[in-house]
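Quick look at what TrEMBL lists:
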| type | residues | note |
| --- | --- | --- |
| TRANSMEM | 12-28 | transmembrane segment |
| TRANSMEM | 56-74 | transmembrane segment |
| DOMAIN | 91-268 | domain 'VWFA' |
| TRANSMEM | 310-328 | transmembrane segment |
| REPEAT | 388-421 | repeat 'TPR' |
| COILED | 476-562 | coiled coil |
| REGION | 623-723 | region 'Disordered' |
| COMPBIAS | 627-673 | compositional bias 'Acidic residues' |
Amino acid sequence: MMSEMIFQKPAMLWLLPSVGLLLLIYRVRVARRKKDIRAFGEDAAWRGLEHHSMEWWRLLLLVGACALVILALARPAANPHPRMLQREGRDVVFLLDVSKSMLAEDRLPNRLQSAKTSIAECVSELDDHRLGLVVFAGSSSIACPLTEDKDFFLNSLDRVGPDTVAHGGTRVGDALLKVCDKLFSDSAQGYKDIVLLTDGGEQGENLDYALEVVNEKQVKLIAIGLGDASAGARIPQVGEQSDYMTYKGQEVWSKLDVVQLRNMVKQADRGAFLAVGTRQMKLGDIYQRISDQEGKQQLAEESVIDYDELYQWLIALAFILLVVMILMPHSMTRRTKKNWLTAAVLMLAGLPDAQAAGVEGGDAAYARGDFQQALEIYQSAATSSAAARLWYKKGNAEYRLELYESAQQSFAEALGRQPGSGLIRDITYNLGNTYYRLSGKAEDSYTALSLVSESVRMYRRVLLQNPQDRDAAMNMELAKIERHKLQQKIQKEEQRRAELKQALEDLKTAIEKAAAAQAKTLKLTDAHLIDDQAEQNWEQTMQKEEQEIISLTEKAVELVDATSKKFFDGIPAEASPLRASRDHLNQAEEFESAAEAYLIHNPHAAHVEEGLALENLHAALDALPSDPDDAEQQAEDGEAGDEEGEGEEGDEEGEEGDQESEGDSEAQSDSEPADANQMNLESMELPPPNDTPEDVIRKNATMQEARQAQGAKKKGNPVEKDW
């Protein structure tokens, strides 16, 4: 049974009225012929001829054939059936080195601008890929999250430069980690590419770990080396005494580090390296040649409705009518007039039933504001063969119920079912609204930016169809404003991350100084105990050392407090990611003060206190967040846990408080509480240590080596050579 017939090119139906011109031309021709016959006095003969003429039948056959041809040109189709379309592509992130060495002019106009131009040309040749941009030097920043909007990507690419990142240097490892953690966190493994454009050089502390993550996520790493590898080039600078960068009085010459980049790529399971040097390159051709060997992931799947084409039957019928017309004589002697109304059937054959039966109950529920009932009715009718308008109505109901993810899927489904031009506008416009709403519910700024960019892209589609669409133009401007806000927010977040990273590095350095000084003092005390001879001025020297350690620890505590206040001010103290380090520093400070007090009268006790202080300093180091992301995550987890536990803790406070007060009163009746710093340890017998001083020193050295090995996962300090 044929149902829901459509015309895929309905504009061709406007040619149907032209068929009427044939009838008009024939009537004029017949009228002139009658006039000529009457002029010669042959009117009776003409009436007899007209009575037996077949011209009208021939004309109707011709008109019918022309009408069928026009209907065939409109491409009628029927019997809809679903078919899945898959749009395939890859996730491509361009990792661009924006360090100062990229300003060298051995590539015109310089390495950086040449790389940006090559990226722009490559992007213009890529279809059905999601594109992202991360820039790096001493730190890294996401300039553009994964998006299909090429205009947004190119706009982001145009704005990047050496000032985009906080520090100089070439920390490729940190940048690779950011790409994998932030941009490749949700996408399928094995369909991701990183195109690295750099001149090489210092590569950071995390490179080995970053390459492990790259291999784990099955990322294709394509490294493009830029710059002269032999002579190199000077780095221009503006506003300085010298026109070119200098280091220790000598001009800096930057060369392409081919060996370093090649060794890095060798560690990648799926790596490719091309040393372009100073030659011209077609990055698009390079990427296509390499990526053609890889598969593609399904970026989007849409269900579309296919129809059975009917034009061939109309063409065949029109051909038959023309053959009959050609074979039909112009007149017949034994024919009577026929009723020509049957000819209209040929002209109207194949016209579609343009309107399918609507879901009236759902429309009525939607009109009165009962969107839930409307959605239930639309859902029950939204089968695989349902028309685009039904999916559009379903999406509208879901949008009203703030089910934005479902609404986005319904609108996308409606677009895939070949709606009419007017309905395409409404679906695309509502899809833009839905993306905008989804951006407001995104978990992070990067996802929100990607969604609001999709919203802008939908509104732009509407305006391409009708530039006078004021609603779409207004909404696109609002979405652009929101996109700009998100870009600024991400920039601020990146700046905050860079500042937090620097603060953590400074804090780590401060604690390491205190720990190194404490380890030195512990070693001196241990040597004094082993030698068992009082050196001249030993007590004064050691007290000075202990005071220096206490001062360093106090500075570390102050730095912890300043960092907490600046970055975690709104978070409860017990939820702060620096709380554990702060507690260990406080304990270390107490042990250091005790060691200073016992140093002269009881060196053995001082030795124990120094060991405990060193352990707490090491514990404070270990408790520091490994990077800004770790710190932010700890803060979020701690704050969430604090909010969840508030109610339960409040309910139990009464009973626990009563029990604790009884216990406290008993303890105070036995003895008065004493400050540990004021206790006289000379009157106490300390348990002998289980380890010799040599064992303590050896263990401390082992712990230090382990911490240094673990440091590969932590952020490094700014490099001295920041180009």
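A Cβ is built for glycine as well, from the same backbone N, Cα and C atoms used for every other residue.
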Item to check | Folded-back contacts onto the transmembrane segment (12-28), same chain, C-beta under 8 angstroms, at least six residues removed | outcome: 55, 59, 62-63, 66-67, 70-71, 73-75, 347
Checklist entry - Short question: which residues 6 or more past the ends of the repeat 'TPR' (388-421) have a Cβ under 8 Å from it? => result 6, 8, 85, 300, 302-305, 359, 362-363, 366, 371-372, 374-375, 378-379, 381-382, 427-428, 430-431, 433-435, 437-438, 441, 465
Checklist outcome for this item: Given the transmembrane segment (310-328), its same-chain partners at Cβ distance under 8 Å and 6+ residues beyond its ends are 5, 54, 57-58, 61-62, 64-66, 68-69, 71-73, 75-78, 346, 349-350
